[in-house]
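Quick look at what TrEMBL lists:
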type	residues	note
DOMAIN	115-189	domain 'Cation-transporting P-type ATPase N-terminal'
TRANSMEM	172-191	transmembrane segment
TRANSMEM	197-217	transmembrane segment
TRANSMEM	354-375	transmembrane segment
TRANSMEM	395-425	transmembrane segment
TRANSMEM	885-905	transmembrane segment
TRANSMEM	921-938	transmembrane segment
TRANSMEM	958-980	transmembrane segment
TRANSMEM	992-1012	transmembrane segment
Amino acid sequence: MESYLNENFDLKSKHSSDEALEQWRKVCGFVKNPKRRFRFTANLSKRCEAAAMRRTNQEKLRIAVLVSKAAFQFILGVQPSDYVVPEEVKAAGFQLCADELGSIVEGHDVKKLTFHGGVDGIAEKLSTSTTNGLSSDTGLLNKRQEVYGINKFAEAEAKGFWVFVWEALQDMTLMILGLCALVSLVVGIAMEGWPKGAHDGLGIVASILLVVFVTATSDYRQSLQFRDLDKEKKKITIQVTRNACRQKMSIYDLLPGDIVHLNIGDQVPADGLFVSGFSVLIDESSLTGESEPVMVNAENPFMLSGTKLQDGSCKMMVTTVGMRTQWGKLMATLSEGGDDETPLQVKLNGVATIIGKVGLFFAVVTFAVLVRGLFVSKLQEGTIWSWSGDEALQMLEFFAVAVTIVVVAVPEGLPLAVTLSLAFAMKKMMNDKALVRHLAACETMGSATSICSDKTGTLTTNHMTVVKSCICMGVKEVCSNIKASFCSDIPESAMKLLLQSIFTNTGGEIVINKDGKREILGTPTETALLEFGLSLGGDSQAERQASKLVKVEPFNSTKKRMGVVLQLPGGGLRAHTKGASEIVLAGCDKVISSNGEVVPLDEESINHLNATINQFANEALRTLCLAYMELETGFSPDNAIPVSGYTCIGIVGIKDPVRPGVKESVATCRSAGITVRMVTGDNINTAKAIARECGILTDDGIAIEGPDFREKSQEEMLTLIPKIQVMARSSPMDKHTLVKQLRTTFDEVVAVTGDGTNDAPALHEADIGLAMGIAGTEVAKESADVIILDDNFSTIVTVAKWGRSVYINIQKFVQFQLTVNIVALIVNFSSACLTGSAPLTAVQLLWVNMIMDTLGALALATEPPTDELMKHSPVGKKGNFISNVMWRNILGQSFYQFMVIWYLQAKGKAMFNLDGPDSDLILNTLIFNSFVFCQVFNEISSRNMEEINVFKGILDNYVFVAVLSCTAVFQVIIIEFFGTFASTTPLSCSQWSISVLIGFLGMPIAAVLKMIRV
């Protein structure tokens, strides 16, 4: 079975081709209910539509860019446009309608833009300000929304409960059984009258309706869980200026005229126009498929929704929102394409296909044997050409039993049990601060053998403060009375340079929020530096206004530095840079001495500064070096900022404490067979100090720097990679290389964390990409499979635990369902062959089907994880899904159940002293009751496939207890009160006791089986 599944139903957890997705669907063969079976699979036709739309967009934009280039040559001769403002737009207080705005940006229409007065002219016509943004007046915002629409794309309407009922009714076997019930009703009433003649038919109808409504309820609840998760996925906030205040706002609340602040890694939330900014490179591949980034500036100000900032930062004015943008139309189509199915879903579709074919064969043979028996008896009686109503009903009952065997044998619920378990796990993980973006990641995480984690914000708290500094060659601890201490020791000229460097060369910003309080925006590192500058008595606004920014090169993890060029008040240009200490210091040839003079950087000074960096790093501090240089007046903003020739201002040491609980989480990973590696851009000494504190770096482990790792040959990597525990000063490509080597060469299942734009390739390459919810950019989140909402390493361990729980839960359910399948098939088949009748009727088999399918999935697929799960090695890539342990339990339990039921069939009458006309009915009721209680107790035994104590934590899972209780209560009702419909008769106390005892004996047998090593 495993080789057949691997050949036809093996799917990658990520990036599967459409051919692979199409292939397994073709192999599926007989499917009872395609609507339900394939509900949670990708809609490949909708994906084709989305791909075609991307190609169209690419062509449109290519033409638009060519036209706009041509238009530049005729810009001076712009003719007055024939545009007329619609009356309703005028009445609302605007001078541009939504269609005109859309055509300007989407069509890259330079002529129209110039005609309307450029970006400032359009801002005026939209009644907004490029500095203060929109007014927060609710009435004005509502008017704007009526004219221009909202920033949301159309989504398929959520399915209601009755749609799920209708889909459950699409089951082909249930429809055939419904037809059998109808014929049974007609024949029965014609022969025996109402109501006696209707009992069999109504019994089947009632069973079908029960199955349909229980199935629909389960499916509907799943859909509600997925809907809640989808809402969480779409919660994206962005920095916006309204009423002259910077504030965070949902992208879905944006309106034309809003001023949005974008940084590297952000997604453009709506179509808009560039207002101001530096070095803006836009990646339009998500919209057009074009991989070449586009430079956006005042000459080319057009920014399209859904594209991403690859570099730089800027202010943008929103012009077009929602379904009026190409991105809105593309997303509406893409959302209908759905998520890829998960490897487990596909594998279980394979299991369902195999068992379905076997079941279909048994059903046909059972029907043939039963019919043959009837024909033989009629031939012997010589009545082959005359048929009574009873014989017609008997034939119908045979057919119904055969169809019901197919209902039981084709486990349609197997693939859906995965979805149920994943939906349950994803909902619970959401409460544990992990948002799963792709279903497959949930189950893949359970097989993870290696985690490559960032340091900052993941292993540490990301609450940074400057605690030490070395300014003008003097090392100082930063204390509460820092201003007096520093001002007395540092010359005024050096202090001015330090404050200018802190407040101008920054990606952060000090703003006044809605409450009138001062707030620092930016990364934790920028925030720590700005707080340091403020504590020295610096004035951010004054520093920024004193000089003009000529060029900005934002920080990125490849360069490990950021820089600005300032035009000074007295003329002249000055560059400031800051970044990784050893990298910036290597570009310095001068330093500010203790008396404030600029002196050459001699060997003694370099040794002193390097020793200071190492001292700070060994104390687990992040170190940054600040430097400046005077530039020649011929510097052009088109030139890159120099990387050498700087004067060192000083070095700061930033404290970022290790998160509580990280050391314990790393130890948990180690006991679970998961290797944790730290991959960071920080100094190697800082990384080693933090790694030791977390328990990642051990005595036999290796810490290596990215540049050294890059130089290694493939042969050296083979021996080196298994020992690497820390990689410092790594570039995004180093992380990508490490992940790729672990996955391909060492066949590991790798989870990797990332927060920056440049981490996207590694997140994409890994089996599970984990993006940081707080520090992560939109680009990183888009490439990730799971978003860690609290940026905490302990949450990653929780995700691994839930992943293992999903995998184990599905294995438990498969073990339970296959046992029921095997026994139900063999019992009915062998009985039909040997006695000419089936002990389990259609109605009884439908009830058994519901116990093992919908109710079984609810009980076993929603077991919460336990700490025991993290004491075993991961499955990895090569583990068989249906393991030897499962086969041992399935075959052992099936053998016991079959022998018991066969013994009851053969010796039951003598055992219970049954005689008289009702003896067969009582015996069949006993067999049915014993069979159901075998499943009830087998469900409890299936809670743990290897441990004997299966009651541990049973009361913590209220779903399990509720399902078992309902099953037992309904069984009593069916036997005692619904006998007419279910072909049962009330049992005596002793008969009930023996039925339950037979079921219970399956538990000690399961315990004995677990002692057999396989």
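Note that Cβ sites are derived from N, Cα and C of the backbone, with glycine treated the same way.
On a predicted model such as this, the values are computed, not experimentally measured, just so you know.
By the Cβ criterion (distance under 8 Å, sequence gap of 6 or more), the transmembrane segment (921-938) is counted as touching the transmembrane segment (992-1012), at least 3 such pairs being found.
The transmembrane segment (354-375) is in contact with the transmembrane segment (395-425), judged by 3+ CB-CB distances under 8 Å for residue pairs 6 or more apart in sequence.
A Cβ distance under 8 Å defines the sequence-distant neighbours of the transmembrane segment (885-905), meaning residues of its chain 6+ beyond its ends; these are 811, 814-815, 818-819, 822-823, 826-827, 830-831, 835, 839, 911, 923, 926-927, 930-931, 934, 938, 941-942, 945-946, 998, 1001-1002, 1005-1006, 1009-1010, 1012, 1014.
Summarising model confidence by region, the domain 'Cation-transporting P-type ATPase N-terminal' (115-189) averages a pLDDT of 83.
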